[in-house]
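A.B. asks: The structure follows.
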Amino acid sequence: MNIVILAAGTGKRMRSALPKVLHPLAGRPLLSHVIDTARALAPSRLVVVIGHGAEQVRAAVAAPDVQFAVQEQQLGTGHAVRQALPLLDPSQPTLVLYGDVPLTRTATLKRLADAATDARYGVLTVTLDDPTGYGRIVRDQAGCVTRIVEQKDASPDELRIDEINTGIVVAPTAQLSMWLGALGNDNAQGEYYLTDVVEQAIEAGFEIVTTQPDDGWETLGVNSKAQLAELERIHQRNLADALLAAGVTLADPARIDVRGTLACGRDVSIDVNCVFEGDVTLADGVTIGANCVIRHAAIAAGARVDAFSHLDGATVGANAVVGPYARLRPGAVLAADAHVGNFVEVKNATLGQGSKANHLTYLGDADIGARVNVGAGTITCNYDGANKFRTVIEDDVFVGSDTQFVAPVRVGRGVTVAAGTTVWKDVAADMLVLNDKTQTAKSGYVRPVKKKS
(Lines of atoms letter the chains of each structure in order from A; the text may use other names.)
(Lines give C-alpha, C1' and ligand atoms only; values in the text may rest on other atoms or scores of the structure.)
Protein backbone atom coordinates (compact mmCIF):
# COMPACT_ATOMS: atom_id res chain seq x y z
CA MET A 1 0.00 0.00 0.00
CA ASN A 2 1.09 3.56 -0.75
CA ILE A 3 0.49 6.19 1.90
CA VAL A 4 0.35 9.90 1.09
CA ILE A 5 0.34 12.46 3.91
CA LEU A 6 -0.80 15.95 3.00
CA ALA A 7 1.29 18.53 4.87
CA ALA A 8 1.49 21.56 2.58
CA GLY A 9 -1.05 23.92 4.17
CA THR A 10 -0.25 27.38 5.46
CA GLY A 11 -2.19 27.13 8.73
CA LYS A 12 -3.10 30.82 8.81
CA ARG A 13 -5.38 30.44 11.83
CA MET A 14 -2.45 29.19 13.91
CA ARG A 15 -1.03 32.74 13.69
CA SER A 16 2.50 31.40 13.80
CA ALA A 17 5.67 31.47 11.72
CA LEU A 18 6.02 27.73 12.38
CA PRO A 19 4.40 25.50 9.73
CA LYS A 20 1.19 24.06 11.15
CA VAL A 21 2.25 20.41 10.92
CA LEU A 22 5.35 21.14 13.03
CA HIS A 23 3.45 22.44 16.04
CA PRO A 24 4.05 20.05 18.92
CA LEU A 25 1.57 17.56 20.31
CA ALA A 26 2.93 15.76 23.38
CA GLY A 27 6.33 17.24 22.60
CA ARG A 28 6.54 16.02 18.99
CA PRO A 29 5.42 17.59 15.70
CA LEU A 30 1.88 16.80 14.60
CA LEU A 31 3.29 15.36 11.40
CA SER A 32 5.58 12.98 13.28
CA HIS A 33 2.56 11.37 14.94
CA VAL A 34 0.94 10.79 11.55
CA ILE A 35 4.15 9.37 10.08
CA ASP A 36 4.46 6.93 12.98
CA THR A 37 0.88 5.77 12.42
CA ALA A 38 1.61 5.33 8.72
CA ARG A 39 4.74 3.31 9.45
CA ALA A 40 2.72 0.91 11.60
CA LEU A 41 0.82 -0.05 8.42
CA ALA A 42 4.11 -1.06 6.69
CA PRO A 43 3.53 0.89 3.45
CA SER A 44 5.54 0.14 0.33
CA ARG A 45 5.79 3.89 -0.36
CA LEU A 46 5.42 6.73 2.17
CA VAL A 47 5.16 10.19 0.62
CA VAL A 48 4.71 13.50 2.43
CA VAL A 49 3.40 16.38 0.33
CA ILE A 50 5.00 19.62 1.52
CA GLY A 51 4.48 23.23 0.51
CA HIS A 52 4.39 26.04 3.07
CA GLY A 53 7.69 25.96 4.96
CA ALA A 54 8.75 23.01 2.82
CA GLU A 55 12.41 22.89 3.78
CA GLN A 56 11.66 23.32 7.46
CA VAL A 57 9.15 20.46 7.34
CA ARG A 58 11.51 18.28 5.32
CA ALA A 59 14.33 18.81 7.82
CA ALA A 60 12.08 18.02 10.78
CA VAL A 61 10.83 14.62 9.60
CA ALA A 62 13.44 13.46 7.07
CA ALA A 63 14.04 9.70 7.22
CA PRO A 64 15.17 6.99 4.79
CA ASP A 65 11.63 5.65 4.38
CA VAL A 66 10.01 9.05 3.76
CA GLN A 67 9.82 10.63 0.31
CA PHE A 68 8.70 14.19 -0.37
CA ALA A 69 6.59 15.77 -3.07
CA VAL A 70 6.24 19.55 -3.28
CA GLN A 71 2.99 21.42 -3.85
CA GLU A 72 4.23 24.84 -4.92
CA GLN A 73 0.73 26.39 -4.85
CA GLN A 74 -1.93 25.29 -2.40
CA LEU A 75 -4.72 24.53 -4.87
CA GLY A 76 -6.65 21.96 -2.88
CA THR A 77 -6.39 18.40 -1.64
CA GLY A 78 -6.87 16.83 -5.06
CA HIS A 79 -4.06 18.94 -6.47
CA ALA A 80 -1.87 18.00 -3.50
CA VAL A 81 -2.33 14.25 -4.00
CA ARG A 82 -1.58 14.72 -7.70
CA GLN A 83 1.93 15.95 -6.80
CA ALA A 84 2.66 12.62 -5.10
CA LEU A 85 1.55 10.38 -7.98
CA PRO A 86 4.99 10.03 -9.66
CA LEU A 87 6.37 8.55 -6.43
CA LEU A 88 3.64 5.93 -5.96
CA ASP A 89 3.41 2.28 -6.99
CA PRO A 90 0.42 2.20 -9.37
CA SER A 91 -0.20 -1.48 -8.66
CA GLN A 92 -0.88 -0.80 -4.96
CA PRO A 93 -3.82 1.11 -3.42
CA THR A 94 -3.15 4.53 -1.92
CA LEU A 95 -4.21 5.71 1.54
CA VAL A 96 -4.43 9.50 1.96
CA LEU A 97 -3.78 10.96 5.43
CA TYR A 98 -3.40 14.49 6.79
CA GLY A 99 -0.44 15.93 8.66
CA ASP A 100 -2.70 17.89 11.00
CA VAL A 101 -4.88 14.91 12.02
CA PRO A 102 -2.57 13.15 14.48
CA LEU A 103 -4.74 10.86 16.62
CA THR A 104 -6.16 8.35 14.14
CA ARG A 105 -5.55 4.81 15.36
CA THR A 106 -3.67 2.33 13.21
CA ALA A 107 -6.51 -0.17 13.70
CA THR A 108 -9.01 2.33 12.28
CA LEU A 109 -6.94 2.81 9.13
CA LYS A 110 -6.37 -0.92 8.71
CA ARG A 111 -10.12 -1.50 8.92
CA LEU A 112 -10.65 1.08 6.17
CA ALA A 113 -7.92 -0.43 4.00
CA ASP A 114 -9.36 -3.92 4.42
CA ALA A 115 -12.81 -2.68 3.41
CA ALA A 116 -11.43 -1.00 0.29
CA THR A 117 -9.91 -4.09 -1.33
CA ASP A 118 -10.95 -5.44 -4.75
CA ALA A 119 -10.98 -2.04 -6.45
CA ARG A 120 -13.31 -0.36 -3.98
CA TYR A 121 -13.00 3.30 -3.00
CA GLY A 122 -12.88 3.62 0.79
CA VAL A 123 -13.88 6.70 2.77
CA LEU A 124 -13.47 7.16 6.53
CA THR A 125 -16.55 8.98 7.82
CA VAL A 126 -17.78 10.02 11.24
CA THR A 127 -21.16 11.11 12.59
CA LEU A 128 -21.12 14.39 14.53
CA ASP A 129 -23.67 16.18 16.66
CA ASP A 130 -22.47 19.41 15.05
CA PRO A 131 -21.12 18.81 11.52
CA THR A 132 -20.58 22.51 10.80
CA GLY A 133 -17.54 23.15 8.64
CA TYR A 134 -17.18 19.63 7.27
CA GLY A 135 -18.01 18.01 3.94
CA ARG A 136 -21.20 15.95 4.07
CA ILE A 137 -21.63 12.34 2.92
CA VAL A 138 -24.60 12.27 0.53
CA ARG A 139 -26.32 8.90 0.16
CA ASP A 140 -29.22 7.68 -1.97
CA GLN A 141 -32.34 5.97 -0.63
CA ALA A 142 -30.53 2.63 -0.69
CA GLY A 143 -27.81 4.05 1.55
CA CYS A 144 -25.14 4.10 -1.14
CA VAL A 145 -22.74 7.05 -1.22
CA THR A 146 -23.42 9.25 -4.22
CA ARG A 147 -21.09 12.15 -3.53
CA ILE A 148 -19.34 14.27 -0.93
CA VAL A 149 -20.30 17.93 -0.80
CA GLU A 150 -18.22 20.59 0.92
CA GLN A 151 -19.87 22.90 3.47
CA LYS A 152 -19.64 25.98 1.24
CA ASP A 153 -21.20 24.15 -1.70
CA ALA A 154 -23.93 22.29 0.21
CA SER A 155 -27.67 22.90 -0.15
CA PRO A 156 -29.83 23.52 2.95
CA ASP A 157 -30.95 19.87 2.91
CA GLU A 158 -27.36 18.66 2.61
CA LEU A 159 -26.28 20.87 5.50
CA ARG A 160 -28.61 18.88 7.76
CA ILE A 161 -26.62 15.68 7.13
CA ASP A 162 -24.60 14.70 10.21
CA GLU A 163 -22.30 12.11 8.59
CA ILE A 164 -19.17 13.92 7.51
CA ASN A 165 -16.12 13.23 5.41
CA THR A 166 -12.86 13.01 7.35
CA GLY A 167 -10.80 13.34 4.16
CA ILE A 168 -9.08 10.02 4.79
CA VAL A 169 -9.56 7.73 1.79
CA VAL A 170 -8.19 4.58 0.18
CA ALA A 171 -8.30 4.30 -3.62
CA PRO A 172 -6.81 2.16 -6.40
CA THR A 173 -3.81 4.21 -7.50
CA ALA A 174 -3.97 3.77 -11.28
CA GLN A 175 -7.60 4.88 -11.38
CA LEU A 176 -6.96 7.62 -8.82
CA SER A 177 -4.36 9.08 -11.14
CA MET A 178 -6.90 9.30 -13.98
CA TRP A 179 -9.60 10.75 -11.75
CA LEU A 180 -7.29 13.41 -10.34
CA GLY A 181 -6.30 14.43 -13.85
CA ALA A 182 -9.95 15.03 -14.70
CA LEU A 183 -10.74 17.17 -11.65
CA GLY A 184 -12.12 20.66 -12.10
CA ASN A 185 -12.18 23.61 -9.72
CA ASP A 186 -15.68 24.93 -10.33
CA ASN A 187 -16.55 25.46 -6.67
CA ALA A 188 -16.75 28.24 -4.10
CA GLN A 189 -13.06 27.90 -3.20
CA GLY A 190 -11.73 27.53 -6.73
CA GLU A 191 -9.79 24.47 -5.60
CA TYR A 192 -9.34 20.90 -6.79
CA TYR A 193 -11.12 18.79 -4.19
CA LEU A 194 -10.09 15.19 -3.55
CA THR A 195 -13.71 14.63 -2.51
CA ASP A 196 -14.88 15.21 -6.09
CA VAL A 197 -13.13 11.99 -7.09
CA VAL A 198 -16.01 10.07 -5.48
CA GLU A 199 -18.44 10.98 -8.25
CA GLN A 200 -15.94 9.87 -10.89
CA ALA A 201 -15.41 6.58 -9.08
CA ILE A 202 -19.17 5.98 -8.98
CA GLU A 203 -19.49 6.78 -12.69
CA ALA A 204 -16.69 4.28 -13.36
CA GLY A 205 -18.65 1.60 -11.52
CA PHE A 206 -16.59 1.53 -8.33
CA GLU A 207 -18.30 0.76 -5.05
CA ILE A 208 -17.85 3.42 -2.37
CA VAL A 209 -17.35 1.79 1.03
CA THR A 210 -17.26 3.65 4.33
CA THR A 211 -16.00 2.81 7.79
CA GLN A 212 -16.03 4.83 11.00
CA PRO A 213 -13.51 5.14 13.83
CA ASP A 214 -14.28 3.83 17.30
CA ASP A 215 -13.95 7.36 18.72
CA GLY A 216 -14.82 10.64 17.05
CA TRP A 217 -11.67 12.35 18.32
CA GLU A 218 -9.56 10.12 16.05
CA THR A 219 -10.39 12.34 13.10
CA LEU A 220 -10.10 15.74 14.76
CA GLY A 221 -7.74 18.10 12.97
CA VAL A 222 -5.81 21.17 14.03
CA ASN A 223 -6.55 24.55 12.51
CA SER A 224 -6.06 26.80 15.55
CA LYS A 225 -4.21 26.93 18.84
CA ALA A 226 -7.48 26.18 20.62
CA GLN A 227 -7.92 22.98 18.63
CA LEU A 228 -4.30 22.04 19.27
CA ALA A 229 -4.86 22.46 23.01
CA GLU A 230 -8.02 20.34 22.79
CA LEU A 231 -6.15 17.51 21.07
CA GLU A 232 -3.32 17.76 23.59
CA ARG A 233 -5.76 17.13 26.43
CA ILE A 234 -7.40 14.23 24.60
CA HIS A 235 -4.04 12.65 23.83
CA GLN A 236 -2.73 13.12 27.36
CA ARG A 237 -5.87 11.57 28.83
CA ASN A 238 -5.44 8.59 26.50
CA LEU A 239 -1.85 8.19 27.69
CA ALA A 240 -2.94 8.51 31.32
CA ASP A 241 -5.62 5.86 30.82
CA ALA A 242 -2.99 3.51 29.37
CA LEU A 243 -0.76 4.06 32.42
CA LEU A 244 -3.65 3.40 34.78
CA ALA A 245 -4.51 0.22 32.90
CA ALA A 246 -0.89 -0.89 33.30
CA GLY A 247 -1.13 -0.47 37.08
CA VAL A 248 0.48 2.94 37.55
CA THR A 249 -1.01 5.07 40.33
CA LEU A 250 -1.80 8.61 39.16
CA ALA A 251 -2.93 11.10 41.79
CA ASP A 252 -4.92 12.90 39.08
CA PRO A 253 -5.02 11.49 35.52
CA ALA A 254 -5.86 14.96 34.21
CA ARG A 255 -2.63 16.42 35.57
CA ILE A 256 0.19 14.48 33.94
CA ASP A 257 1.93 15.29 30.65
CA VAL A 258 3.90 12.66 28.75
CA ARG A 259 5.94 14.19 25.93
CA GLY A 260 7.85 11.14 24.82
CA THR A 261 7.97 7.55 26.06
CA LEU A 262 7.26 6.70 29.69
CA ALA A 263 7.92 3.08 30.68
CA CYS A 264 6.79 2.10 34.18
CA GLY A 265 7.27 -0.98 36.31
CA ARG A 266 4.93 -2.29 38.97
CA ASP A 267 3.64 -0.14 41.83
CA VAL A 268 4.83 3.17 40.40
CA SER A 269 3.15 6.25 41.89
CA ILE A 270 3.06 9.68 40.23
CA ASP A 271 1.71 12.78 41.96
CA VAL A 272 0.09 15.76 40.22
CA ASN A 273 1.51 18.16 37.63
CA CYS A 274 4.44 16.02 36.53
CA VAL A 275 5.95 16.32 33.04
CA PHE A 276 7.88 13.49 31.37
CA GLU A 277 9.89 14.27 28.24
CA GLY A 278 11.92 12.04 25.93
CA ASP A 279 12.62 8.47 27.03
CA VAL A 280 11.93 7.98 30.73
CA THR A 281 12.01 4.69 32.64
CA LEU A 282 10.54 4.28 36.12
CA ALA A 283 11.30 0.87 37.63
CA ASP A 284 9.24 -1.02 40.20
CA GLY A 285 8.13 0.94 43.25
CA VAL A 286 9.33 4.36 42.08
CA THR A 287 7.53 7.35 43.60
CA ILE A 288 7.43 10.73 41.85
CA GLY A 289 6.33 13.76 43.87
CA ALA A 290 4.26 16.68 42.65
CA ASN A 291 5.43 19.23 40.09
CA CYS A 292 8.47 17.33 38.82
CA VAL A 293 9.97 17.57 35.33
CA ILE A 294 11.80 14.43 34.24
CA ARG A 295 13.53 14.25 30.87
CA HIS A 296 15.58 11.40 29.34
CA ALA A 297 16.09 9.68 32.69
CA ALA A 298 16.24 6.19 34.16
CA ILE A 299 15.10 5.74 37.75
CA ALA A 300 15.75 2.38 39.42
CA ALA A 301 13.52 0.35 41.71
CA GLY A 302 12.36 1.90 44.96
CA ALA A 303 13.81 5.34 44.25
CA ARG A 304 11.92 8.45 45.28
CA VAL A 305 11.86 11.83 43.54
CA ASP A 306 10.31 14.44 45.79
CA ALA A 307 8.33 17.49 44.75
CA PHE A 308 9.60 20.25 42.45
CA SER A 309 12.66 18.33 41.26
CA HIS A 310 14.06 18.53 37.72
CA LEU A 311 15.93 15.60 36.18
CA ASP A 312 17.49 15.81 32.71
CA GLY A 313 19.69 13.06 31.31
CA ALA A 314 20.14 11.53 34.76
CA THR A 315 20.41 8.00 36.13
CA VAL A 316 19.07 7.34 39.62
CA GLY A 317 19.95 4.14 41.48
CA ALA A 318 17.78 1.82 43.52
CA ASN A 319 16.25 3.33 46.67
CA ALA A 320 17.94 6.68 46.06
CA VAL A 321 16.18 9.88 47.13
CA VAL A 322 16.09 13.07 45.07
CA GLY A 323 14.70 16.39 46.24
CA PRO A 324 12.58 18.21 47.01
CA TYR A 325 13.78 21.07 44.81
CA ALA A 326 16.77 19.15 43.42
CA ARG A 327 18.21 19.43 39.94
CA LEU A 328 20.01 16.60 38.15
CA ARG A 329 21.54 17.71 34.87
CA PRO A 330 22.91 15.59 32.00
CA GLY A 331 25.48 13.06 33.13
CA ALA A 332 24.29 12.95 36.74
CA VAL A 333 24.50 9.39 38.10
CA LEU A 334 23.28 8.51 41.58
CA ALA A 335 24.15 5.05 42.87
CA ALA A 336 21.87 2.98 45.08
CA ASP A 337 20.77 4.62 48.35
CA ALA A 338 22.31 7.98 47.44
CA HIS A 339 20.54 11.14 48.60
CA VAL A 340 20.41 14.51 46.82
CA GLY A 341 18.34 17.02 48.76
CA ASN A 342 16.85 20.47 48.46
CA PHE A 343 18.59 23.03 46.27
CA VAL A 344 21.33 20.62 45.24
CA GLU A 345 22.48 20.61 41.61
CA VAL A 346 24.42 17.69 40.12
CA LYS A 347 25.92 17.90 36.63
CA ASN A 348 28.12 15.33 34.85
CA ALA A 349 28.93 13.81 38.21
CA THR A 350 28.56 10.49 40.01
CA LEU A 351 27.45 10.09 43.60
CA GLY A 352 28.41 6.71 45.04
CA GLN A 353 26.34 4.23 46.99
CA GLY A 354 24.92 5.66 50.19
CA SER A 355 26.48 9.08 49.65
CA LYS A 356 24.49 12.17 50.58
CA ALA A 357 24.37 15.81 49.53
CA ASN A 358 21.30 17.05 51.30
CA HIS A 359 21.43 20.84 51.16
CA LEU A 360 22.44 23.83 49.02
CA THR A 361 25.24 22.25 47.00
CA TYR A 362 26.69 22.25 43.47
CA LEU A 363 28.45 19.09 42.30
CA GLY A 364 29.70 19.45 38.74
CA ASP A 365 32.24 17.31 36.88
CA ALA A 366 32.89 15.20 39.95
CA ASP A 367 33.40 11.55 40.88
CA ILE A 368 32.21 10.99 44.43
CA GLY A 369 32.67 7.62 46.08
CA ALA A 370 30.51 5.62 48.45
CA ARG A 371 29.29 6.73 51.89
CA VAL A 372 30.43 10.33 51.40
CA ASN A 373 28.68 13.05 53.38
CA VAL A 374 28.64 16.38 51.52
CA GLY A 375 27.81 19.27 53.82
CA ALA A 376 25.59 22.21 53.00
CA GLY A 377 27.04 24.92 50.80
CA THR A 378 29.66 22.70 49.13
CA ILE A 379 30.78 23.69 45.64
CA THR A 380 33.03 21.95 43.13
CA CYS A 381 34.78 24.80 41.32
CA ASN A 382 35.09 23.08 37.96
CA TYR A 383 35.47 25.92 35.45
CA ASP A 384 38.31 28.38 34.94
CA GLY A 385 36.56 30.41 32.27
CA ALA A 386 37.82 28.25 29.43
CA ASN A 387 38.09 24.63 30.56
CA LYS A 388 36.26 22.17 32.80
CA PHE A 389 38.15 20.08 35.38
CA ARG A 390 37.10 17.14 37.55
CA THR A 391 36.98 16.70 41.29
CA VAL A 392 37.51 13.20 42.70
CA ILE A 393 36.33 12.42 46.23
CA GLU A 394 36.99 8.85 47.31
CA ASP A 395 34.94 6.61 49.64
CA ASP A 396 34.03 7.53 53.22
CA VAL A 397 34.98 11.20 53.01
CA PHE A 398 33.23 13.66 55.33
CA VAL A 399 32.86 17.14 53.83
CA GLY A 400 31.96 19.97 56.20
CA SER A 401 29.67 22.82 55.27
CA ASP A 402 30.78 25.75 53.12
CA THR A 403 33.57 23.83 51.38
CA GLN A 404 35.01 24.56 47.96
CA PHE A 405 36.93 22.05 45.84
CA VAL A 406 39.06 23.82 43.23
CA ALA A 407 39.45 21.31 40.41
CA PRO A 408 41.42 19.44 39.31
CA VAL A 409 41.75 17.94 42.76
CA ARG A 410 41.59 14.51 44.42
CA VAL A 411 40.58 13.81 48.01
CA GLY A 412 41.62 10.40 49.35
CA ARG A 413 39.56 7.78 51.12
CA GLY A 414 38.40 8.58 54.65
CA VAL A 415 39.44 12.25 54.60
CA THR A 416 37.64 14.74 56.85
CA VAL A 417 37.26 18.23 55.40
CA ALA A 418 36.58 20.88 58.03
CA ALA A 419 33.79 23.39 57.53
CA GLY A 420 34.71 26.50 55.57
CA THR A 421 37.69 24.88 53.83
CA THR A 422 38.91 25.60 50.32
CA VAL A 423 40.63 22.49 48.95
CA TRP A 424 42.94 23.24 46.03
CA LYS A 425 45.57 20.53 46.48
CA ASP A 426 45.25 16.75 46.55
CA VAL A 427 44.69 15.26 50.01
CA ALA A 428 45.99 11.82 51.02
CA ALA A 429 43.75 9.20 52.63
CA ASP A 430 42.52 9.53 56.23
CA MET A 431 43.75 13.11 56.69
CA LEU A 432 42.00 16.08 58.27
CA VAL A 433 42.14 19.06 55.94
CA LEU A 434 41.34 22.60 57.00
CA ASN A 435 42.40 26.14 56.25
CA ASP A 436 44.13 27.88 59.16
CA LYS A 437 42.01 30.81 60.23
CA THR A 438 42.04 33.13 63.20
CA GLN A 439 38.94 34.37 64.95
CA THR A 440 38.96 37.76 66.59
CA ALA A 441 36.38 39.08 69.06
CA LYS A 442 36.44 42.79 69.91
CA SER A 443 34.67 44.39 72.83
CA GLY A 444 33.05 47.81 72.74
CA TYR A 445 31.78 47.53 69.19
CA VAL A 446 28.70 49.63 68.45
CA ARG A 447 26.54 48.56 65.55
CA PRO A 448 25.52 51.42 63.21
CA VAL A 449 21.95 52.61 63.61
CA LYS A 450 19.89 53.76 60.66
CA LYS A 451 18.85 57.39 61.00
CA LYS A 452 15.12 57.99 61.11
CA SER A 453 13.86 60.46 58.53
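For all residues, glycine too, the Cβ spot is worked out from N, Cα and C.
From Swiss-Prot, for reference:
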ACT_SITE  His359  active site, proton acceptor
BINDING   6-9, Lys20, Gln71, 76-77, 98-100, Gly135, Glu150, Asn165, Asn223, Arg329, Lys347, Tyr362, Asn373  UDP-N-acetyl-alpha-D-glucosamine binding site
BINDING   Asp100, Asn223  Mg(2+) binding site
REGION    1-225  region 'Pyrophosphorylase'
REGION    226-246  region 'Linker'
REGION    247-453  region 'N-acetyltransferase'
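How about a rundown of where these features are and what they're close to?
C.D. replies: For His359 (active site, proton acceptor), other Cβ atoms within 10 Å of its Cβ number 15.
The Cβ of Leu6 (UDP-N-acetyl-alpha-D-glucosamine binding site) has 27 other Cβ atoms within 10 Å, all protein chains considered. In three-state terms derived from DSSP, Leu6 (UDP-N-acetyl-alpha-D-glucosamine binding site) belongs to an extended strand segment.
The number of other CB atoms found within 10 A of the CB of Asn223 (Mg(2+) binding site), across every protein chain shown, is 15.
Residues 14, 23, 25-26, 102-103, 217, 220, 253-254, 256-258, 262, 264, 270 of the same chain sit 6 or more residues outside the region 'Linker' (226-246) yet have a Cβ under 8 Å from a Cβ within it.
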A.B. asks: Going by Cα-Cα distance, pick out whichever of the recorded positions Gly9, His359, Asn373 is nearest to Asp100 (Mg(2+) binding site).
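C.D. replies: The answer is Gly9.
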A.B. asks: Hey, which of the binding-site residues Gly76, Gly99, Asp100, Asn373 is the loneliest by Cβ count within 10 Å?
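C.D. replies: Fewest other Cβ atoms within 10 Å, among the binding-site residues Gly76, Gly99, Asp100, Asn373, is found for Asn373.
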A.B. asks: Give me the DSSP three-state residue breakdown of the region 'Linker' (226-246), ordered helix, strand, coil.
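C.D. replies: Reading the DSSP string over the region 'Linker' (226-246) gives 20 helix, 0 strand, 1 coil.
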A.B. asks: Including all protein chains displayed, how many Cβ atoms other than that of Arg329 (UDP-N-acetyl-alpha-D-glucosamine binding site) lie within 10 Å of its Cβ?
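C.D. replies: That number is 16.
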A.B. asks: Give me the Cα-Cα distance between Gly76 (UDP-N-acetyl-alpha-D-glucosamine binding site) and His359 (active site, proton acceptor), rounded to a whole Å.
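C.D. replies: It is 61 Å, counting Cα to Cα.
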A.B. asks: Rounded to the nearest Å, what's the C-alpha distance separating Asn223 (Mg(2+) binding site) and Asn373 (UDP-N-acetyl-alpha-D-glucosamine binding site)? Just drop the number here, would you?
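C.D. replies: If we compare the Cα positions of Asn223 (Mg(2+) binding site) and Asn373 (UDP-N-acetyl-alpha-D-glucosamine binding site), the gap is 55 Å.
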